[in-house]
Amino acid sequence: MQMMTRNVLLDMEQEEEEDDEEDGDIVLENLEQTIVSNCGSLENQQDFRAPEFEEFNGKPDSLFFNDGQRRIDFVLVYEDEQRKETNKKGTNEKQRRKRQAYESNLICKGLELEATRSVLDDKLVFVKVHAPWEVLCTYAEIMHIKLPLKPNDLKTRSSAFRHLNWFTKVLSVDENMIKPEQEFFTAPFEKNRMNDFYIVDKDSFFNPATRSRIVYFILSRVTYQVINNVSKFGINRLVSSGIYKAAFPLHDCKFGQQSEDPSCPNERYLLYREWAHPRSIYKKQPLDLIRKYYGEKIGIYFAWLGYYTQMLLLAAVVGVACFLYGYLNQDNCTWSKEVCDPDIGGNIIMCPQCDKLCPFWKLNITCESSKKLCIFDSFGTLVFAVFMGIWVTLFLEFWKRRQAELEYEWDTVELQQEEQARPEYEAQCNHVVINEITQEEERIPFTACGKCIRITLCASAVFFWILLIIASVIGIIVYRLSVFIVFSTTLPKSFNGTDPIQKYLTPQMATSITASIISFIIIMILNTIYEKVAIMITNFELPRTQTDYENSLTMKMFLFQFVNYYSSCFYIAFFKGKFVGYPGDPVYWLGKYRNEECDPGGCLLELTTQLTIIMGGKAIWNNIQEVLLPWVMNLIGRYRRVSGSENISPRWEQDYHLQPMGKLGLFYEYLEMIIQFGFVTLFVASFPLAPLLALVNNILEIRVDAWKLTTQFRRMVPEKAQDIGAWQPIMQGIAVLAVVTNAMIIAFTSDMIPRLVYYWSFSIPPYGDHADYTMEGYINNTLSIFNISDFKDKSKPDSNSGLGNHTTCRQYRDFRNPPGHPQEYKHNIYYWHVVAAKLAFVIVMEHVIYSVKFFISYAIPDVSKSTKSKIKREKYLTQKLLHENHMTKNMGIIIQKMAEVVDNNLRPKSD
């Protein structure tokens with residue numbers, strides 16, 4: 001069979017004409033003069049190169065064609081048009097012709113096909129694809145795949161913790177089950193240097209993952225239709241249009257038991273037993289086997305997630321210590337005691353929190369929330385915020401080193417130079433330009449002007465959706481302002497100590513909880529819609545490589561998710577209660593709704609509540625989506641198959657009935673973890689237990705993802721990946737922003753700075769009355785006095801219930817002069833001291849942490865010295881090996897020619 005190596009990229013018209021001279025063309029008369037290039041013609045149906053039909057041989061674990069020699073590298077599944085129940089003759093005929101043309105062109109590319117009908121549903125046909133040795137070699141060179149030259153004889157450095165081998169052995173996978181992979185020196189494959197490569201056995205030289213990659217590369221680029229010089233090609237489009245129902249590589253065995261085939265490596269079984277099974281939750285991940293079975297892209301995700309989880313252990317320990325510090329010292333919280341004291345907090349009458357309907361109320365009804373606030377708003381919070389600013393830098397820098405090690409071990413150091421253009425990009429390359437470097441012609445999909453137009457349209461679409469999220473946040477704020485009035489009029493405003501609900505269900509808490517739940521629901525709905533929009537925008541943008549595509553999609557999705565998930569937290573932390581005015585002159589939102597106010601202790605506790613609901617709700621929702629849904633779908637499908645037939649099904653049919661992996665692959669796994677990373681770093685000053693919750697979640701997440709991949713989903717096409725892509729700069733941006741947000745949370749959201757100012761300046765003369773530094777009198781000092789006769793008609797309460805004989809009330813924390821003062825209701829000296837202290841704290845904290853971060857980043861190189869040496873050494877030895885082999889071959893040719901010359905000279909001349 002003639003190999004068609006030239007049609008790797010989409011053929012232009014001239015190339016199609018040349019191919020037609022060799023192989024003919026397929027003309028689909030009924031499809032508007034549609035031409036399907038490369039093989040056969042429709043007028044002569046026998047010119048189609050169709051796969052051979054074979055009956056299932058009864059071997060359910062077989063990974064080979066019926067001859068037992070040719071390995072199955074990929075499986076295509078379609079429904080026989082002639083046996084469909086809803087038979088639309090015209091549509092089915094068109095689909096059949098496209099499929100026949102596609103399969104014929106696959107055969108022309110050198111692939112070998114074998115078709116087998118389903119043993120459970122005779123309408124389904126499974127087309128098994130095998131790539132012969134010549135095809136593998138040809139495309140391995142085209143794809144620049146690195147393959148072994150010789151075994152790696154470089155000595156590995158002994159571990160510094162070798163005296164703890166007994167402990168690490170317990171945490172490691174069983175080496176009797178998963179043997180360490182042999183390391184090789186590698187180089188990009190070249191057919192003319194085939195003898196230089198370490199080929200012990202042709203059947204094992206290309207491992208199953210590499211074979212699947214090569215076959216998928218071909219499947220993604222073979223055309224099946226050309227209309228008006230526009231090519232339609234690729235298995236993805238055929239699957240999405242319903243011509244094929246699925247396309248996937250095979251798992252090598254069942255996950256719960258080993259294959260009966262002695263040649264099967266049983267890697268899926270090993271991964272399930274030593275990685276995905278719950279009893280292996282304490283063990284290290286077998287990253288090399290994960291990479292070998294699923295490819296580098298899956299491997300780098302689990303390597304990153306495992307490393308992130310390990311680093312969270314340190315953050316969780318420090319966070320728990322800070323939490324315990326606050327918990328154990330809450331009894332020493334003087335200001336909370338004053339709030340709860342019936343003689344102090346019980347006698348402080350607070351001003352109404354809304355216009356007209358809200359009554360006066362006593363401060364001591366916030367007793368329980370003030371006790372909780374003492375746990376989180378303590379000195380430990382400041383220490384933990386500074387620690388997390390340093391921790392995130394250490395994590396990112398050490399991950400870069402670990403990533404560099406994996407790049408060396410997994411042969412992805414020069415991956416960017418090897419990556420091929422996406423077939424969708426190649427299909428649109430209709431414009432010819434001169435390359436500035438090579439001064440040669442090359443094809444691009446659009447001009448510079450066209451690119452600018454596309455970028456502008458894409459940016460506008462993203463900006464529109466971000467504005468839509470902001471609009472939803474404003475809607476939540478309006479809800480909070482509206483419903484707070486209802487809660488304020490219906491919930492009790494006095495605390496009698498007998499009703500336990502009164503301790504916790506304050507108007508502020510009820511509003512916060514309901515708003516958080518509604519915000520979470522809106523977040524989930526907008527996520528679902530925006531996913532499809534982001535994919536459409538990125539497809540229109542047309543990135544060149546798969547890495548560029550994923551990075552572009554990642555940035556769009558994260559910008560959206562950042563605003564979606566964090567906007568409510570930013571509102572509570574930095575806007576709520578900051579612009580409320582005072583009872584005689586309140587500030588109104590949209591000219592109608594009176595701005596929300598915080599508890600006397602600030603909005604920190606409400607921010608903690610918001611974080612807990614979003615993080616907890618998100619984790620539960622993701623687990624339902626990721627685990628329960630595919631498990632239930634597979635369970636239903638398994639029940640239907642068992643009830644319908646008891647036949648033994650082959651490996652390809654078992655895999656077909658598993659759930660397909662989404663088009664975005666692990667994108668949502670990354671996104672889930674990065675959003676969590678943002679919660680752990682951006683707002684950690686309000687919730688020191690966030691790293692602990694993230695640690696527990698991630699330990700389970702690793703095993704849940706592993707279980708899902710090995711048991712519930714079809715095997716993904718192995719893909720190369722050098723790093724975690726655009727997620728790395730996103731994490732770096734979050735790390736920089738986290739320093740600012742935590743400094744501002746401590747300064748403007750918590751009550752720490754006002755308390756320190758009072759303790760060191762206003763508790764003693766000349767401003768205070770105490771002889772020594774103390775926190776006594778803090779609450780009374782920070783709640784300004786307001787004369788109820790100064791209420792405006794718009795905001796004056798309808799009832800004076802709860803006021804008693806008082807003629808004044810206290811507004812929420814503000815530092816204003818009392819009635820009768822020359823500067824009545826203007827900010828007092830305490831306010832300006834607090835503002836100056838807050839600004840000074842933010843500036844000092846930011847500069848200190850940024851200085852430490854810069855020093856750490858400078859002191860820790862991205863690539864360790866040993867890894868650099870290994871990379872240079874391998875490159876040197878690889879070049880030396882190839883050069884020596886080349887010289888040896890040339891010397892052999894020279895010696896042979898010299899021998900021929902000498903032989904000719906010594907031979908006697910004939911007369």
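Using N, Cα and C of the backbone, Cβ positions are placed for all residues, glycine too.
Per TrEMBL, the feature compositional bias 'Acidic residues' maps to 12-22. The domain 'Anoctamin dimerisation' annotation in TrEMBL covers 64-287. The annotation domain 'Anoctamin transmembrane' is assigned in TrEMBL to 290-874. Sequence annotations record features per position, and here TrEMBL assigns region 'Disordered' to 1-22. Sequence annotations record features per position, and here TrEMBL assigns transmembrane segment to 301-328, 379-399, 462-489, 509-530, 557-575, 673-696, 724-748, 829-850.
Within the model, the domain 'Anoctamin dimerisation' (64-287) carries an average pLDDT of 84. Nonlocal intrachain contacts for the transmembrane segment (301-328), taken as residues 6+ away from its ends with a CB within less than 8 angstroms of a stretch CB, comprise 284-285, 287, 290, 374-381, 383-384, 387-388, 391, 394-395, 398-399, 402-403, 406, 666, 669-670, 673, 677, 680, 684, 688-692, 694-695, 698-699, 701-702, 705-706, 724. Contact check: the transmembrane segment (462-489) against the transmembrane segment (829-850) gives fewer than three Cβ pairs closer than 8 Å, residues 6 or more apart, which falls short of the contact criterion. If you look at the transmembrane segment (557-575) against the transmembrane segment (724-748), you find at least three C-beta pairs under 8 angstroms, all six or more positions apart, and that counts as contact. Long-range contacts of the transmembrane segment (724-748) within the same chain: residues 300-301, 304, 381-382, 385, 388-389, 392-393, 396, 400, 403, 547, 550-551, 554-555, 558, 573-574, 578, 604, 607, 670, 674, 677-678, 681-686, 838-839, 841-842, 845-846, 849-850, 853, each at least 6 residues beyond the stretch ends and with a Cβ under 8 Å from a Cβ of the stretch.
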